[in-house]
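J.: Dumping what TrEMBL says about this protein:
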DISULFID  Cys52-Cys61  disulfide bond
DISULFID  Cys99-Cys108  disulfide bond
DOMAIN    25-62  domain 'EGF-like'
DOMAIN    65-109  domain 'EGF-like'
DOMAIN    112-268  domain 'F5/8 type C'
DOMAIN    273-428  domain 'F5/8 type C'
SIGNAL    1-23  signal peptide
Amino acid sequence: MQLPRALAALCGALLLCASGLFAASGDFCDSSLCLNGGTCLVGQESDFHCLCPEGFTGLVCNETEKGPCFPNPCWNGAECQVIEGTHRGDVFTQYFCQCPQGFFGVHCETKCSTKLGMEGGAIADSQISASSVYIGFLGVQRWGPELARLHRTGIVNAWKASNHDSNPWIQVNLLRKMRVSGVVTQGASRAGRAEYLKTFKVAHSLDGRKFRFIQDERGSGDKEFEGNVDNNSLKFNMFSIPLEAQYVRLYPVSCHRECTLRFELLGCEIHGCSEPLGLKDNRIPDRRITASSTYKTWGLPAFAWYPHLARLDMQGKFNAWTAQSNTDSEWLQVDLGSEKQVTGIITQGARDFGHIQYVASYKVAYSNDGVKWTEYEEQGSSKVFIGNSDNYSHKKNVFETPFVARYVRVLPVTWHNRITLRLELLGC
Ligand SMILES: *[C@@H]1O[C@H](CO)[C@@H](O)[C@H](O)[C@H]1NC(C)=O
Ligand SMILES: *[C@@H]1O[C@H](CO)[C@@H](O)[C@H](O)[C@H]1NC(C)=O
Ligand SMILES: *[C@@H]1O[C@H](CO)[C@@H](O)[C@H](O)[C@H]1NC(C)=O
């Protein structure tokens with residue numbers, strides 16, 4: 001038998017074969033059998049194999065070695081870089097995937113650039129704080145940190161520090177260590193004039209006391225990020241290395257007129273399994289979203305609040321699921337199509353002709369066959385999650401003990417007006 005190709009390649013890389021270690025008989029044969037200066041070694045039986053010089057591979061050294069980067073082993077368009085000087089017996093990593101921003105992992109297989117919830121509301125007001133607040137217009141306009149949400153509308157729609165604050169910052173407490181891969185900033189207009197951050201710094205912390213600034217790649221100190229150019233457009237800045245942090249602070253450095261800011265953080269859960277599972281983006285088809293019942297406004301089928309409408313951020317007049325009755329025996333079910341690890345859930349209410357409706361608290365059950373259900377528990381009893389409190393904010397809850405299941409049910413416990421839900425499940 002000839003040595004399999006992989007072994008032959010290993011052989012070349014480790015320079016062991018030349019010592020006869022892998023050549024069963026250790027005898028040389030007619031090297032004209034091997035091309036490009038390969039050395040012929042007699043195999044176990046009467047066959048042979050070629051020990052190829054650097055740069056060649058193949059059974060008879062007739063193929064040019066293209067290196068470990070061909071075909072590209074990296075995902076998501078990442079660039080593969082050959083690591084020089086690794087043709088040694090103790091180093092097997094021969095390449096390195098240079099991940100595009102927003103991705104990480106050895107092969108850049110994990111995406112980490114979802115909005116962490118400034119815009120959608122998954123980050124609650126209480127998680128946002130600042131060094132100071134500007135109170136304008138005879139004390140009635142409060143430009144508080146909780147307003148600093150991307151795309152926030154209104155006359156007072158952003159954060160601005162007090163004019164007496166010489167070192168202003170705004171901070172998000174993510175409540176647990178997360179991977180933060182970037183920041184999106186936006187200015188605002190105040191009294192009809194554009195105000196925005198031209199440059200800013202980013203600091204991060206695990207405990208909320210000791211903060212470190214992101215450093216410039218060239219080693220010239222704290223990195224200054226480029227900010228905005230007008231009152232409205234978005235500026236994306238991805239960090240060259242994602243942060244692992246619970247607290248993230250933005251420090252304005254230079255501003256146009258005043259330091260007025262709306263923003264969003266981009267990132268993912270540390271364990272990297274928190275991608276939307278397909279409700280919002282329709283990857284889960286309508287037929288896989290079912291419920292205990294469906295409410296029809298004025299009893300009209302044309303005005304039905306079907307389960308398949310229960311998709312996060314669904315638009316339209318009928319843009320959510322509503323249960324027929326207001327009892328805690330109602331449920332909404334998602335069939336994920338196959339078993340998935342489920343790590344979190346985002347819920348949202350809706351409005352029926354002006355009536356604000358939402359689920360204020362709920363439990364979650366899961367199943368692998370759609371018949372036998374297990375209620376999600378924490379500390380030995382069914383966990384009741386805090387749900388929504390208005391008609392549009394995202395409320396995110398994380399499963400401290402992620403579960404693996406194909407079917408997931410939301411079991412409303414309390415609600416406002418009618419049981420109404422829009423939903424996304426997170427996991428991988
Ligand atoms: C190299 O030689 C082997 C065996 O002779 C043959 O199967 C293979 O196709 C050749 N490869 C190239 C690139 O010519
Ligand atoms: C703010 O931006 C909007 C849209 O980009 C533009 O129409 C408006 O004139 C801007 N306002 C100010 C005060 O710059
Ligand atoms: C309902 O949601 C819309 C956004 O979809 C928002 O503009 C409006 O203020 C909300 N109404 C209430 C009373 O919360």
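Even glycines carry a Cβ here, placed using N, Cα and C.
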J.: How long is the line from the C-alpha of Cys99 (disulfide bond) to the C-alpha of Cys61 (disulfide bond), rounded to the nearest angstrom?
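T.: Given the Cα positions, Cys99 (disulfide bond) is 33 Å from Cys61 (disulfide bond).
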J.: Summarise the model confidence on the domain 'EGF-like' (25-62) as a single mean pLDDT, whole number.
T.: 80
J.: Using a Cβ cut-off under 8 Å and a sequence separation of 6 or more, which residues in the same chain sit near Cys61 (disulfide bond)?
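T.: Within the chain, Cys61 (disulfide bond) has Cβ neighbours under 8 Å at Cys34, Leu35, Asn36, Gly37, Gly38, Cys50, Cys52, Pro53.
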J.: Could you work out which of the disulfide-bonded residues (Cys52, Cys99, Cys108) has its C-beta surrounded by the smallest number of other C-beta atoms within 10 A?
T.: Cys108
J.: Tell me which disulfide-bonded residues (Cys61, Cys99, Cys108) have a Cβ under 6 A from ligand 3; sequence order is fine.
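T.: From Cys61, Cys99, Cys108, counting a Cβ under 6 Å from ligand 3 as near, there are none.
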J.: For the domain 'EGF-like' (25-62), give the DSSP counts of helix residues, strand residues and coil residues.
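T.: Secondary-structure composition of the domain 'EGF-like' (25-62): 3 helix, 11 strand, 24 coil.
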J.: Three states by DSSP: which one describes Cys108 (disulfide bond)?
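T.: DSSP assigns Cys108 (disulfide bond) to coil.
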J.: According to DSSP, which kind of secondary structure is Cys99 (disulfide bond) found in, if we only use helix, strand and coil?
T.: coil
